[in-house]
């Protein structure tokens with residue numbers, strides 16, 4: 001079996017919103033990489049032993065006092081280095097070049113760079129050719145400052161009308177700098193550039209692929225767990241489902257899954273989870289029907305934050321009770337993924353590889369005294385999904401829209417009652433079913449229904465009725481940090497509204513939420 005961690009790239013984070021995207025792109029190319037804060041020590045870099053280093057972008061100005069710098073060792077480690085945006089500027093400054101503060105001359109958005117000379121990084125890449133026969137590339141810029149003089153040993157590789165050094169290179173030392181962002185899709189040939197860097201320049205082999213990751217994970221799980229038993233909180237979400245499948249392959253019946261039905265799930269979700277994991281895949285599952293316990297605990301509580309805490313607390317209590325029944329369990333499995341690890345790391349002393357475990361199940365009690373098993377902690381969400389497919393989980397389950405941890409507890413506004421949850425479940429199922437029918441489900445990033453604790457007058461037949469209101473919500477987004485409301489066709493919305501009002505007794509009015517994020521959040525609570 002090839003070692004999937006043998007070849008690796010280190011990415012130093014200077015605070016750019018795109019840094020995780022760089023890591024995901026390198027992984028897509030088939031090379032393992034890790035993301036660390038910029039102030040990593042020489043000893044830590046030596047221990048990691050990367051085949052190449054990427055200096056990512058960042059919001060600071062290199063010209064400002066105390067702005068972040070790459071460790072000096074980066075440039076003496078004897079491995080290729082790629083500086084992106086701020087990364088190029090700090091590379092230039094640290095190696096004897098010059099950076100000037102942008103005064104109204106920054107480049108933001110689409111730009112076309114003109115290639116001035118050949119470089120390994122840009123080998124065979126062009127989007128167009130200008131009248132002088134020089135290759136042109138379509139790229140995405142986002143910078144105010146710019147390099148005004150490059151360090152000794154470097155050459156200018158590309159320019160724009162306002163930026164004389166859009167790319168620079170020292171081919172001998174294999175140091176490269178680009179002022180644009182190759183990791184974003186708007187840079188059309190960005191993946192090819194990153195591929196040149198990781199595979200050709202750094203000499204990495206493309207060993208990082210789903211089948212190899214699964215093989216490696218199973219091997220490591222067997223080694224870590226031995227003959228012990230493991231307990232896992234299975235929610236039916238992507239992460240816990242993939243963890244369950246990996247562990248099932250690694251240790252079989254020594255895995256016990258605890259599935260807690262809190263009464264806040266989607267229509268028929270509990271039955272689907274039990275059918276798929278219990279009947280179809282043959283996992284050992286304890287099914288806890290705790291609907292009344294959760295609803296009783298939330299009785300009279302309307303505050304969203306308080307509801308979240310109650311749901312988290314009750315889950316932990318139940319999980320604790322059930323785990324005591326598994327007296328032989330020595331390990332607790334969790335669906336911690338790489339972005340959780342990065343969030344926990346921070347800067348200065350918290351490099352992503354030395355952080356404390358990230359408890360993603362709402363703080364399990366310390367007295368459980370179980371070892372932690374986190375087979376997904378190196379993976380991004382898109383990688384987890386690809387692994388899930390390889391393990392035989394259905395596509396529509398792995399790629400369905402996000403569902404909040406507290407479930408309908410934060411989609412029923414105000415106090416949560418069984419009646420409200422039942423109405424909301426049915427209305428939401430109609431909305432999702434119609435999105436699939438109209439081939440719109442995968443065209444929006446997230447769609448759901450919200451229950452409003454408001455009664456509204458309606459007319460049914462000859463009589464009037466005074467029933468509840470629901471709101472439909474659908475958004476389009478790339479990263480869920482910002483989002484546009486989805487412009488769904490009027491006739492589609494009309495069809496959904498008609499079906500809900502006619503088929504769900506107790507709902508008299510349907511509205512559509514046309515708020516963007518910001519100022520609104522995607523979820524209502």
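Residue positions begin at 1 at the first shown residue.
Including glycine, each Cβ sits where the backbone N, Cα and C put it.
Annotated features in Swiss-Prot:
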type	residues	note
ACT_SITE	85	active site, nucleophile
ACT_SITE	181	active site
ACT_SITE	183	active site
BINDING	235, 236, 237, 238, 239, 240, 241	ATP binding site
DOMAIN	8-207	domain 'Glutamine amidotransferase type-1'
DOMAIN	208-400	domain 'GMPS ATP-PPase'
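Features per Swiss-Prot, on structure.
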residue	record	DSSP class
85	active site, nucleophile	coil
181	active site	coil
235	ATP binding site	coil
240	ATP binding site	helix
So around the ATP site, 235, 236, 237, 238, 239, 240, 241 aside, which residues have their CB within 8 A of the centroid of those CB atoms?
234, 242, 243, 244, 335
Of all the active-site residues given, namely 85, 181, 183, which is spatially nearest to residue 239 (ATP binding site) at the Cα level?
183
183, 239: which of these recorded positions has the highest Cβ count within 10 Å of its own Cβ?
183
Rounded to a whole number, how many Å is the Cα of residue 238 (ATP binding site) away from the Cα of residue 181 (active site)?
30
Cα nearest residue 240 (ATP binding site) among active-site residues (85, 181, 183) -> 183
Taking every residue in the domain 'GMPS ATP-PPase' (208-400), what is their average pLDDT?
88
Say you check the Cα of residue 183 (active site) against those of the recorded positions 85, 235, 236, 237, 241; which is nearest?
85
Pop the Cα-Cα gap between residue 181 (active site) and the residue listed as 'active site, nucleophile' into the table, whole Å please.
7
Candidate with sparsest Cβ neighbourhood (10 Å radius) among 236, 237, the listed binding-site residues
237
What number of additional C-beta atoms lies within 10 angstroms of the C-beta atom of residue 235 (ATP binding site)?
24
Around the Cβ of residue 238 (ATP binding site), other Cβ atoms within 10 Å, all chains included, total 22
At a 10 A cut-off on CB-CB distances, which of the binding-site residues 240, 241 has the highest count?
241
Only counting partners 6 or more residues apart, tell me which same-chain residues put their Cβ under 8 Å from the Cβ of residue 181 (active site).
18, 57, 84, 85, 139, 140, 141, 142, 187, 190
